[in-house]
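Undergrad: My questions all concern the structure below.
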Amino acid sequence: MTNAQLAHRIADRCRLTGRFVLRSGRQTTEYFDKYQFEADPVLLDEVGAALAPLVPDGTEVLAGLEMGGIAVVAALGRHTGLPCAFVRKKAKEYGTARLAEGADVEGRRVLVVEDVVTSGGQVVLSTRDLRVLGANVEHALCVIDREEGGEQALADVNLTLHALFRRRDLEA
Ligand SMILES: O=P(O)(O)OC[C@H]1O[C@H](OP(=O)(O)OP(=O)(O)O)[C@H](O)[C@@H]1O
Ligand SMILES: O=C(O)c1cc(=O)[nH]c(=O)[nH]1
């Protein structure tokens, strides 16, 4: 499947119109329900394959963000062979009490993996958490960049955003 065909499939399955409130508190009339592609194992696998060439050279760990980024990172891990970490929004308060589950991130070059980026707020917060844990984070990779300031917000904290699709790719 070409990336253009994949963009059409994702837009068909995920693009909703109506009135929605976003994580950032913004309101929108267009929403991408990422779980519609993440819950389809065949489509998710296509997304993982398409993301793999976008992984920056030197990446040692793929870090998927709770919750939607977890499915995406698992698919990407299958196509790259790289170890994965699953990054919670808040550390568990029992058991191992970890914020980043799975692969160790300390001292390693970590790529943040996310499904949708809007303001960039969640990626910035989780990158800060990963850096506190000792990760070297310079890049983030998402499936959909809504092009609402996320790239600049990431640049402001020395992160480069790579996107498989931009909003305009899903509206074509
Ligand atoms: O760039 P931002 O403005 O931060 O917005 C994007 C964030 O919002 C969505 O997550 P959501 O809060 O829906 O969480 P979920 O993945 O846990 O469902 C998306 O998965 C990003 O994490
Ligand atoms: O910004 C968000 O919260 C958001 C936007 C979007 O299109 N899809 C989504 O799952 N979250």
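Placement of Cβ uses the backbone N, Cα and C atoms for every residue, glycine included.
TrEMBL entries are annotated by machine, without manual review.
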Undergrad: Check TrEMBL: it lists ARG88, LYS89, LYS92, GLU114, ASP115, VAL116, VAL117, THR118, SER119, GLY120, GLY121, GLN122 as binding 5-phospho-alpha-D-ribose 1-diphosphate. Then name which of ARG19, ARG23, ARG168 it lists for that same site.
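TA: Among the candidates, TrEMBL records only ARG23 at this 5-phospho-alpha-D-ribose 1-diphosphate site.
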Undergrad: Taking helix as H, G and I and strand as E and B in DSSP, count the residues of the domain 'Phosphoribosyltransferase' (60-152) in helix, strand and coil.
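TA: Helix (H, G, I), strand (E, B), coil: 28 helix, 31 strand, 34 coil.
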Undergrad: Return the residues near LYS89 (5-phospho-alpha-D-ribose 1-diphosphate binding site), defined as same-chain residues 6+ apart in sequence whose C-beta is under 8 angstroms from its C-beta, sorted by sequence, else 'none'.
TA: LEU65, GLU66, GLN122, LEU125, SER126
Undergrad: How long is the line from the C-alpha of GLY120 (5-phospho-alpha-D-ribose 1-diphosphate binding site) to the C-alpha of ARG146 (orotate binding site), rounded to the nearest angstrom?
TA: 10
Undergrad: Given the binding-site residues ARG23, ARG146, which one's Cβ is surrounded by the fewest other Cβ atoms within 10 Å?
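TA: Lowest Cβ count within 10 Å among the binding-site residues (ARG23, ARG146) is ARG23.
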Undergrad: List, in residue order, those binding-site residues out of ARG23, LYS89, GLY120 with a Cβ under 6 Å from any atom belonging to ligand 1.
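TA: List returned for ligand 1: ARG23, GLY120.
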